[in-house]
Structures are given as C-alpha cells and as structure tokens.
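In what follows, a structure is listed as structure tokens, so that the remarks can point back to it.
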Amino acid sequence: MSRRARLLVFGLGAAGLAVMFAFAVAGMPPFGTSEHLYRDLAVPAALQHRTANVVSSVNFDQRALDTLGEEVILLSSVIGTAALLRPTRGEVRRPTTRGGHVSDSTTLVSYLLLPVTVLIGLDVVAHGHLTPGGGFQGGVVLATAVHLLYLAGRYESLERLRPLTWYVWTEGLSAASFAVIGLVGLAQGSGFLANVAPLGSFQSLLSAGTVPILNVVTGAAVAGGGVVLLAQFFGQAIGTTRPPTRRSTS
Amino acid sequence: MYRGLASDLAPLAVALPIVMACAVLVVQRWASRRLADLLAMVAAVAALGLSAALVAATKDGRVVTWSGGWEPRDGRSVGIVLVVDQLSAGFACLAAGLTCCALLYSWRYLEAAHGHYHALMLLFLAGMIGFVLTGDLFNMFVFFELMGVSAFALTGLHIEEPDSVQGSLNFALINSLGAYLSLMGIGLLYARTGQLGFAQLGAKLAGHPADGLIVGAFVLVTIGFLVKAAMAPMHFWLADAHAVAPTPVCVLMSGVMVEMGVYALARVYLTVFATSIPAPVVQRAFLTMGLLTAAVGSLMCFAQRHLKRLLAYSTIAHVGLFLIGFALLSPDGLAGVALYVVGHAGVKGALFLLVGLLLDRFQSLDEGKLFGRVGGRHPACWMFLLAALALAGLPPSGPGLGKAITEEAASAAGYPWLSVVFVLVSAVTGAAVLRAGLRVFLGRGHRPGPIEPAHQIGAEPKEPETEHPLRRTPLTMLVAIGALLAGSIVVGVVPALAQAVGRGAVFFSDQAGYFNQALFAVPAAPAPASAAWWSWSGILLGAASTVLAMIIAGISLHVRPPERGHFRSRMIAGVELVRRLHSGHIGDYVAWLLFGAAVLAALIGLPLLP
C-alpha cells in the first residue's frame, strides 16, 4: 500500500476504536469509590495465610498459577532469545581488543555499588512477603548487579566472572522448582500450588508459608534469566563479528 | 478438600511439559541430541495421556479444579479455576497429539538449535494446554502469551535466512498488538466486576443490557484471539510466519494454535457475554467476518505457488468456515466446527510435513521449480493427493464430516445457502492443493514460469531444514505423516468420537450449567445423545465439493495464462490487487488490524445503540 492509503486505513481504524473506547470508558465505575469486590476477598485471604504483603499473597498464593505462567513466559523468552541470537555459521568470535577507556571514578563506583546492589537484591527477594518487592523485582536487581562488572571494566572480565552455563541451569532449575512446589501441594491433596508450608507468625521473616519460598525461586529464575538474556545481546553486539566479505573489503 | 484423581489431571497436564522443558534445558549442555529428542517425546506422550484421561473423565460433565485449594465459599473465591469439558480436553489432546507427530518428524534429523527447539516446543505445548483448560480470563491471557512467545521464537529458528527473522518479527509484532488490546479489554471488565473467572464474570454481567463498556470489553478481549485466529483483515501475519517457520512448527500453528483463537472466542462469548450481548448481533457480525475471511483465504490460496504459503492461506480460508460455524451459536454448529478442526489438523499437518520433505530433498518450495521432480512412485505422492481430496471434503474423511455437520447446523439455523459457501471454499482450497500435487509429483499440465521478481517473505528458502539435504526419506518422517493422515480419517469413520464431541458441545454452550458446576459444584445435567453423524445430504455435498475440486484443479492445470485485455486477465488483475495488500510491510498490517477491530466494533456496537 502507498503511504497515504496506509495512513487512511490506519486513521479510519484508530478513529473507530477511539469512539468505541470512549463509550467503554464512560461506562467505567467512578474513580476512588470504596466498593471493590476482589479487594474484599483478597485481603482477608492474605491475612488468613499470615501474609503481610497482600500483593505478594495474590501473586504467589491466591493466583500463583498466573505467576507460574509468567515465570515460564520469561523462561520461554530467554530460551527464544538464546536460540535467535545464537552465533551462525558466518559469525566468528571477535578478537580481544584492548581499547575503550573507563574512567577511574566509574570503576570505583561500580565496584563499591556491586556488593550493595547484591545485598539490596537479596533483601528485596527475602522480604517479598512482608514489604513491597519480591522475586521479580529482586531478581532484576540481582541481574543488574552482575553487570556492574561490565561498567567497571572490560567485557572480558564480565565474561570470565560469569559462567553462563550456571545461570542457564539456575534459571531452568528454579522455573522447574516453582512447578514442582506446586505439585507438592497436589500430592498432599491440597491442590496445585496450594500454600502447604507452615504459616509461621504474622509479619515475621518466617511467615506466609510457601510465599517466601516461591519468591526466592522466582528471584533466582529472574536473576538467571536476566543475566542469560543480556549475555545473548552482549555476545551478539560485542563478542562476535562477521568476517569481512569480498564486497565490503573492495 | 481432596476431590480425587480427576481434578489433579488438569494441573498435571500443564505442569508436566513445563518441568520437562526445564529438564531438557538443563541436560542439553552435555547430553546427546537423542536424549533431548527422547525427553521431549516422553513429555509430549505423557501430556497426550493426561489429556486423554481428561476426555474420559469429562464424559458426564466438567472437571473443576481450584488451584491452590481456594475452593469458593458462597460462589466466591480469590483463586484461579480450571474448568475442563470434553471440548477443551479434546483440544488439549489435539495439541499434544500434533506435538508428538511434530517431534517424531524432527527426530534426529531436523537441525535443533542446541536443544532450544525441544524446550520451546514443550513450553508451546504447555501454553496451549493451559489456554484451553483454564476457566479464568486473566489466566487464559497468561497462557496466551506463553504460547505466543514460544511460537515467535520457534518461527524464527532458521536464523541463517534473514527472511525467517522478518517473518517471525511480523508475527510477534501483530500478535503482541492484539494481545495488548485484549489486556485492555480484561482491564475494562475487571473495573466493572472486580472478578476474572469466566463463571463469576458471566454471573456479574447477567441481566445487564449491553452498554458501551460491555461492548468495548468484548471487542477488545476478542481482538487478541481473532488476530491469533487470523480473521481477515488481521490475518496477514499468518502467511509470513508459515512461509518461514520450521515445518513441525507449521503443523502446530496451522493445526491447533490458530484454531485456539476461535475456541477462545466461543468460550468467552458463551460463558461471559452470552446473556448481555444478544445472539443475533454476534451471529451477524461473525457471519460477515467469517465470509470475508473465507473469501480472502480461498482467493489467496489459489493464487499461490509457494507451497507453504498456499497451505497457510488454505488455513485462513478454513478459519473463515470455523468462524461461520461458531456464529451459528448452536451446539450442533460447535460440534461440527470441533470435528472439522480435528480433521483439518490431521490433513493440514500431513500436507505441511510432506511439503517439508520436499524442502529437505530438493531445497525448494516453489511449484514451478519442483515441477515433476519427485515422481509418482514415492509414497509421498499418494499421501499428498489423498490429503488434498480430504481437504476438499471427501467422505468419509474428518474434514468432510465436520463440514457436513456444520452445513446441517447452518440449515437448521436458517442459513441453508451457507452450504454453497462451504462447498466452494473447500473445493477451491482442495483444488489448489490438488493442482500443486499433480504438478509437483506427476508433472501434469504445463510448467509454471519462473518466479516473478516481487519479493515475498520466505519466497526462496536456500537451505534444507535438516543438517544435510536428505537422499531418502527417513522412516520416522513417513510414520509421522501417516499418523496424521490416519487420525484425520478416523475422525470421519468412528461414530463414538463424533458423539462425544456432540455431547461436549452441549456442555460447552450451557452457560448456567458452567456457572453452577464451577462455583457451586452442582453436577452437570446429563447431555442428550448427539445425532452428529453423516447424513445423505452431507455425503452428497462432500462428494460434490470433491468433484468440484478435481474439476477446478484439472482446468487450472490445462489453461494457459490469458492474453492481455482478455476478461480472465482482468480477473487476474483483481486478484493481483488483493495480493498486493499482502505486502509483508508491518505498517500495513498494523493499519489493517486497527481497521478490522473498528469494523468489528461497528458490527457489534451499532445495532445495540439505543
């Protein structure tokens, strides 16, 4: 289609959808009312399982099946990216180059922040059932921490300190453990992904049953997945090159 | 509360492929290719067994499983429910069965991208199984995304060819756009009801006349599913994706993933919106869209010479028929569509695998380049021609039976003229496949000229999918093709299957029964015995479309391209115009997606304006 025809079709469609959406939004309940059916169900359910962070209770207890699905989506994207960015026959490893300059202050700050970031990540994961945060958020922080190495120095030092296979295994095993913890509930007769661990006492570190366990598992999966994912892009952008073809040399 | 084994089956069927995919991922670093093949196959067979057990367990109603043990109190729960009836269990069976055949086909030979292929196939399967078994709208969306993500990656697996990545990108972008619209629709519904389960949503909306929010939510939620179902004009991605995807992935996409879009449309409408959006409005809207889809699909199918594209457009044409069958909104119509889907999956899967064989041996997918190269002695020849006739509706094949039952349901719903549409669409698509088979295998008719320069995504694959070009056909590949064909024929020959589907369709369309069983554990009322089987008119119409397909194929083989200015040349120019719309340009596709969504909104919203 010509540019104009495309814009016309798009404009007509977008205008139609906008009218429909306006009608739909007009039918929404007013903002900020006290009436909310799911909240009225979810908060008592969270308290019943001694989970202080209700959002975590919804994510890892009440609707844990959704979270299993989401974690597997992440796993699938990581495997998919690894498959799509794998080195092809035409690509070879780029020879190591010394070059690029990193200022000393950047290096220093990166090294200082590395342990802090790891600690924050672990903290966010470990307290997911008590305070805002959890496995997904903490996992992203942990994956970020590893890449401070890249900021601090050269790509090779990151590569040396990052046995990628381990991260692949972490990711695969932790995604599998999420499902297996679910199956434990099934085997005990309480239902798939049921909260079968001892509930502990409210607001203490050891409370909420399986919620912190699933948080840790998710944190590991997300951290492993994040590292593997970024490694693929790094590998494609920095680590490999295409040997010059005849056309590009002439 | 322990409900016994039956309620464990559904979560097991979802969890098992996930765990096995992780196992494949972990062992693939040091294990041999054969172990990955074996693990994946074991997982697929086990999933097939679990799904089959679910089919047996749902004989007299639905199997309801509350995940996390959050059983409802007074019909309210915070948990996610899986509600399985015979149609959803059957769909899970179909997905697992096709995965088995796809894995058997790729056994040892297909280039596997370091075991990533196996893990992705299992996650794709887990996504599809979860998608059909769930009874919760948001959970359905999660599994929708899972099957999307794994399918995008699988489609682009041949990264050596730039077209492959391009086709996969089109697929991913268009489907993600559809999914975002779905998510907005889910948000609207949740804002109104504070609920996400189908049964709870349906109960909340019951009695409300359709207002702007309900219509908007229905249109938005279904757009994602309709993009997946490749309803025109949101179908453009499908041919691009099929043209480049590895052959076993085509089998899953054409055979079951696309049809799941229609399944989700039917499920969501019948459980959530049936009491608020009047049936005649939905009927008219989807009859219109179905007819458009069938017309575009058949036209484009016949105009193709790239074999995978030809088969892909035939899938679009059949999706049009499935949408028409859904639009009848009767249990018989649904039963017909379900049987049609199963029969079509077997035939289409076999055809894709046969085309894949040609690619692996002759490194081409073009009707002209392959002309007469294979020879009629090869078993593939007769399988291909048989599958073409079955696609056209030859009794007693599965597609023929599905077509016959849907046609009768259409007559019962007051649309006897729809039989003509069914006959024409199956004849034209069958004829296109038959023509290709007669040219490629038997060298009949004249040889088509060289490929026109207009570039299409995936037009000229250069490499076989196997690690080396095949000298002879491996037995595993032939067995996979034979199993698919046999499965398709069995559907049309075994009355018990059709009866089970007929009963399942009654449960599927019973909104009150669904609500009572999901939320209050009220046992389902027994369904009446189904009369879904061959009738004389069905056999005659099936024979008619088969004969018509042969005639059309015969004519197209022996007619030379017309002179310029001739009537037929002007007709071809018309086809060329439609063809040019399928440009491979992602901007075009996005524009058409929004346009289609707006048309659907108008078809449903305008009649309901006060």
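Cβ coordinates are placed from backbone N, Cα and C, and glycine is handled just like the others.
Remember, predicted model here, so these are calculated numbers, not experimental data.
According to TrEMBL, the feature domain 'NADH:quinone oxidoreductase/Mrp antiporter transmembrane' maps to B:135-427.
Within the chain, the transmembrane segment (B:12-31) has long-range Cβ neighbours (under 8 A, six or more residues past its boundaries) at 39-40, 42-44, 46-47, 50-51, 54, 92, 114-116, 118-120, 122-123, 125-126, 129-130, 133. What TrEMBL lists as transmembrane segment is B:12-31 (among others).
What TrEMBL records for B:38-58 (among others) is transmembrane segment. Residues 6, 9-10, 12-13, 16-17, 20-21, 23-24, 27, 84-86, 89-90, 92-93, 95-97, 99-100, 103-104, 107, 118, 121-122, 125, 129, 133, 500, 504, 507 of the same chain lie 6 or more positions beyond the ends of the transmembrane segment (B:38-58) yet place their CB under 8 Å from a CB of it.
Remote same-chain partners of the transmembrane segment (B:78-105), defined as residues 6 or more beyond its termini with a Cβ less than 8 Å from a stretch Cβ, comprise 9-11, 13, 37, 40-41, 44-45, 47-48, 51-52, 54-55, 57-59, 61-72, 118, 121-122, 124-125, 128-129, 132-136, 139, 197-199, 247-249, 251-252, 255-256, 259-260, 263, 267, 334, 338, 341-342, 345, 349, 353, 356, 476-477, 479-481, 483-484, 487, 500-501, 503-505, 507-508, 514, 517-518. Under the heading transmembrane segment, TrEMBL lists B:78-105 (among others).
Among the features that TrEMBL reports, transmembrane segment is placed at B:171-192 (among others). Sequence-distant contacts of the transmembrane segment (B:171-192), counting only residues of its own chain at least 6 positions beyond either end whose CB sits under 8 Å from a CB of the stretch, comprise 137-138, 141, 144-145, 148, 151-152, 155, 201, 204-205, 213-214, 216-228, 234, 236-238, 240-241, 272, 586, 589-590, 593, 597.
The transmembrane segment feature in TrEMBL is assigned to B:212-231 (among others).
Residues annotated as transmembrane segment in TrEMBL: B:243-265 (among others). Using a Cβ-Cβ cut-off under 8 Å and counting only residues 6 or more beyond its ends in the same chain, the transmembrane segment (B:243-265) has close neighbours at 87-88, 91, 94-95, 98-99, 101-103, 105-106, 110, 117, 121, 124, 128, 131-132, 140, 144, 147, 151, 154-158, 161, 163-164, 166-168, 222, 225-231, 286, 306, 308-309, 311-312, 315, 319, 322-323, 326, 337, 341, 344-346, 348-349, 352-353, 355-356, 359, 456-459, 461, 465, 484.
Taken from TrEMBL, the feature transmembrane segment applies to B:310-331 (among others).
Within the chain, the transmembrane segment (B:337-359) has long-range Cβ neighbours (under 8 A, six or more residues past its boundaries) at 87, 90, 94, 98, 101-102, 105, 247-248, 250-251, 254-256, 259, 262, 307-308, 311, 314-315, 318, 321-322, 325-326, 365, 370, 374, 380, 383-384, 387-388, 390-391, 397-403, 405-406, 433, 440, 461, 464-465, 470, 473, 477, 480-481, 484-489, 491-492, 497-498, 501, 504-505, 532. If you look up TrEMBL, you'll see B:337-359 (among others) marked as transmembrane segment.
Annotation source TrEMBL lists transmembrane segment at B:380-397 (among others). Residues of the same chain lying 6 or more positions beyond the ends of the transmembrane segment (B:380-397) and with a Cβ under 8 Å from any Cβ of it are 314, 343-344, 347-348, 350-351, 354, 357-358, 374, 403-404, 422-423, 426-427, 429-431, 433-434, 437-438, 440-442, 473, 478, 481-482, 485, 488-489, 491-493, 534, 538-539, 541-543, 545-546, 548-550.
Look at TrEMBL and you will find B:417-438 (among others) tagged as transmembrane segment.
For the transmembrane segment (B:533-559), the list of distant contacts is 302, 388-389, 392-396, 400-401, 403-405, 407-408, 419, 422-424, 426-428, 430-432, 434-435, 438-439, 444-446, 492, 495, 498-499: same-chain residues at least six beyond its ends, Cβ to Cβ under 8 Å. What TrEMBL lists as transmembrane segment is B:533-559 (among others).
A Cβ distance under 8 Å defines the sequence-distant neighbours of the transmembrane segment (B:589-609), meaning residues of its chain 6+ beyond its ends; these are 170, 173-174, 177-178, 181, 210, 212, 215-216, 218-220, 222-223, 226-227, 231-234, 236-237, 277-278, 281-282, 284-285, 288-289, 581. Per TrEMBL, the feature transmembrane segment maps to B:589-609 (among others).
For the transmembrane segment (B:417-438), same-chain residues at least 6 beyond its ends with a Cβ under 8 Å from one of its own Cβ atoms are 291, 294, 297-298, 301-302, 304-305, 307, 310-311, 313-314, 317-318, 320-321, 324, 351, 367, 381, 384-385, 387-389, 391-393, 399, 403, 406-407, 410-411, 444-445, 541, 544-546, 548-553, 556-557.
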